[in-house]
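**Student:** Annotations per TrEMBL:
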TRANSMEM  6-27  transmembrane segment
TRANSMEM  34-57  transmembrane segment
TRANSMEM  69-90  transmembrane segment
BINDING   Cys482  heme binding site
Amino acid sequence: MDFVKTLFSTNLLLSGATAGVVIHQVIRRAFIDLYPFTTTGSVAASHWVLLGVFYRYGEYSFWEANRRALTLVCYTLVSLAVNILVYRAFFHRLRHFPGPFGARLSKFWAVWQTVKSKARWYQVTQKLHEEYGDYVRTGPREITIGDPAAIQLVHGLKATVKKAPFYAALTDSVHTTDDPVFHKERRKIWDVAMKESLADYGPIVEEFTSILHQQLDKSLGQPVSANALTKHYSYDVISTLGFGNSTRFLEGETTDIAKKVFGAIERGVIAIGLLLHVPYLLTIMETFTYKGPMGEFNRWAANEVDRRKKVGNPRPDLLGHLLKNSTDDAVGRQLLDNEARMIIGAGSDPAASTLALLLILLAERPEYQSKLRTEVTNAFENNTYACGKQLPLLDGIINECLRLYPSVIFQNQRLTPPEGLTIGSVYIPGDTIVCLGPYQQGRDKRNFVDPDEFIPERWTTRPELILNRQGFFPFSLGYYNCVGRTVAMMELRSVIARTVKDYDISFPKGSNFDGKDFYSRIVDHFSSGVPQQNVVFTKRQS
Ligand code: HEM
């Protein structure tokens, strides 16, 4: 009975309802969801404070004081939730933007759409643009933009936006930070590291392409997984460029630890694809999985940093530069561990996806293999090819692959400055997350003629098929663009040029490859996940 009396106490009900209104007004513009532990801690702390107040100043037993404190906290939370939902639905500064009703209320709507679309959020946003236009509200404080006029304002060098809270949800690195000052300082170090070693990276990339070919020679005429082959290649290359220590996947001499680590990365990116809509869950996941599924990866990266510190490296590597430029304390050490993981995560998956797609696109189009072969053969000097070298059709094929299927398919979320952002006649209020991605722009009729068609000539002999070149930014743009772009292009050029020169690429006999179905199954987990596909390599007579 006491319990029922407490539960229906008018005083508690009114106090809770009022507290909900007040708290909502205070936190309305803040990203409290970025601090899940502080938020949960504050709720728990408020229960204990209220218990103390009721016990000390009210004439209640401990258990009654506890009941009243709990009831008041619950009423406050319910009132807060109602306030938040009503405000988001009808009074929010983004209320004039069209979009599905559920998206106004919570980002869990986007999580649900991701689940329903089998991790193809990029297809969901594409449909939303068709239904609602260029500016669609995809979250309580999020707008997805399809308007090409916004590209430079969101990603260009003069953009006033910064990285969105998603980036701050993960541990600090050059990529995962929303602090522009920290990013600028750290990015300078990465840029110098890349620039100083570029000439040394070329021969390393070529060496691994030779190893890849040695492996192909062992399985000529047999089905080979394009996904596994390119993943092994990109892991081996990036672990050597990054740490001076190849994972040796291509040669099949890898360790169990490396296998476990890279299995953990694959599971990790799937979780990121789902949870990037709710960054606070990413923070929680990262905290609790340090010793869990991703723990193996974290420990491996930390060991690599230790090993690299001890042994030095006669070959130039990225970590060597970062070591020289990080403080020798706990903060510097943590940053190095985070960036060691970054090197592998950012450096392997996107390059592997693009390489796999290039092999599949070429297997589908033997006519491009023969055109490319002519171009590449003429570019060989003394029987060698320098992967830094641009070739028109080769780069056209790579560009067309990245335009149609960008391997970082994430919409590069940004946050508008407090004064907001104006694009033509559209005003987006301050502190809004804006999403503008390479997939949607690459497929836009305002940027490309026949945008869904694979036409490499638009980059060579048919420039009239490109209406707005700015619509092509698979490596992003501006200050936050890809630091590894040149290395990535070296890998793509080296593998594709040399493979097409020496091999015919085809699908296994009787496989009836259905391109429309295959490409529609590409999934979106920050980088793109390419469905499993076998290809066959046949050696050409030189
Ligand atoms: C085909 C291959 C690749 C593609 C398509 C690609 C694409 C991108 C894109 C779109 C971004 C911006 C992401 C964002 O704004 O959240 C990015 C950032 C980044 N990429 Fe790449 N990338 C590739 C390969 C590489 C390689 C080989 C490395 C080498 C380590 C690398 C390192 C990075 C880093 C460190 C960043 C963060 C840069 C910053 O925030 O300042 N990427 N990449």
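Cβ atoms are placed via backbone N, Cα and C, with glycine included.
Walk me through the surroundings of each of these features.
**Tutor:** Distant neighbours of the transmembrane segment (34-57): 64-66, 68-70, 72-73, 76-77, 165, 168-169, 279-281, 283-284, 287; these residues of the same chain sit at least 6 beyond its ends, with a Cβ under 8 Å from one of its Cβ atoms.
Other C-beta atoms found within 10 angstroms of the C-beta of Cys482 (heme binding site) number 18, with every protein chain shown included.
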**Student:** State the three-class DSSP label for Cys482 (heme binding site), counting H, G and I as helix, E and B as strand, and everything else as coil.
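**Tutor:** Assignment for Cys482 (heme binding site) reads coil.
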